[in-house]
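**Q** Can you read through this structure? Questions will come right after.
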Amino acid sequence: MSHGKQFTLYTHKGGPNGWKVTIVLEELGLTYESIFLDFQKGEHKAPEYLKVNPNGRIPALIDHKNNDYTVWESNAIIQYLVDKYDKDRKVSVAPGTNEYYTQLQWLYFQASGQGPYYGQAAWFSVYHPEKVPSAIERYRNEIKRVLGVLESVLSKQEFLVDGKATVADFSFLPWNEGAAKFLLEGSQFEEEFPATAKWHKKLLERPAIAKVWEERAKVSAH
Ligand SMILES: N[C@@H](CCC(=O)N[C@@H](CS)C(=O)NCC(=O)O)C(=O)O
């Protein structure tokens, strides 16, 4: 066991996919040690780490109370955590129910529809060596499309699944924060997607999430 903590989380100071998992660990009151990999040094591609996650990306989680069971892909990690450790269904819904598949639907949509498109928007806006305006425009439009999907649902209901805050809602937070702050222009998020912006803000007020956000601000300042 890692310093007496149940889990080891391999993550990154700025990586949205890692913070999604931290939120769920905190919401469930589980104990964990975060290991922040240094992408500049290529720690996520080092042979030692590839034994943990052959995909060479973060996050990856080791459960020391389950024979060091290791799982990667953020939403698979989240699903593992709630299926195994949220028996009271504090932030998830029961396996086998219709709502369970609705929860899964949003988690898949987040992983396939939000993450990759927002990630490409960040890549072409910040890291790509050439400026390619048509690529930036394409991925910004995709962000707006995804936010439009969320808005169409959240303008009619408070949360995505079963009338309560679940991991499905949490999974969208880190990338939407990135969109609101860096990827869209000015106050586009609040003005064009008011129900989504309200939902986002309300989720950030949850004590566990506020704690994670504080930690996130602290580590990314270093
Ligand atoms: N679908 C994966 C995406 C993982 C991912 O792209 N992680 C980023 C950080 S948020 C990463 O490790 N990037 C480093 C790289 O691509 O080399 C998940 O949800 O876990």
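Just so it is clear, glycine is given a Cβ too, placed from its N, Cα and C backbone atoms.
Feature annotation from TrEMBL assigns glutathione 1 binding site to ASN17, HIS44, ARG57, ILE58, SER74. Taken from TrEMBL, the feature glutathione 2 binding site covers ASN17, ARG57, ARG138, TRP175. TrEMBL lists 5-89 with the feature domain 'GST N-terminal'. Summarising the annotation, TrEMBL assigns domain 'GST C-terminal' to 96-222.
Have a look at these and tell me how they're positioned relative to everything else.
**A** Taking Cβ-Cβ distances under 8 Å and a sequence gap of 6 or more within the same chain, the neighbours of HIS44 (glutathione 1 binding site) are HIS12, LEU37, ASN53, GLY56, ARG57, ILE58.
Around ASN17 (glutathione 1 binding site), the same-chain residues at least 6 positions away in sequence with a Cβ under 8 Å from its Cβ are ARG57, ILE58, PRO59, SER74, GLY115, PRO174.
Confidence in the domain 'GST N-terminal' (5-89), given as mean pLDDT, stands at 98.
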**Q** Tell me, by DSSP, whether SER74 (glutathione 1 binding site) is helix, strand or coil?
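**A** Once the DSSP labels are grouped into three classes, SER74 (glutathione 1 binding site) ends up as helix.
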**Q** For TRP175 (glutathione 2 binding site), just count the other CB atoms lying within 10 A of its CB, please.
**A** 25
**Q** Kindly point out which of the binding-site residues ASN17, SER74, ARG138 have a C-beta less than 6 Å from some atom of ligand 1.
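**A** ASN17, SER74, by Cβ distance under 6 Å.
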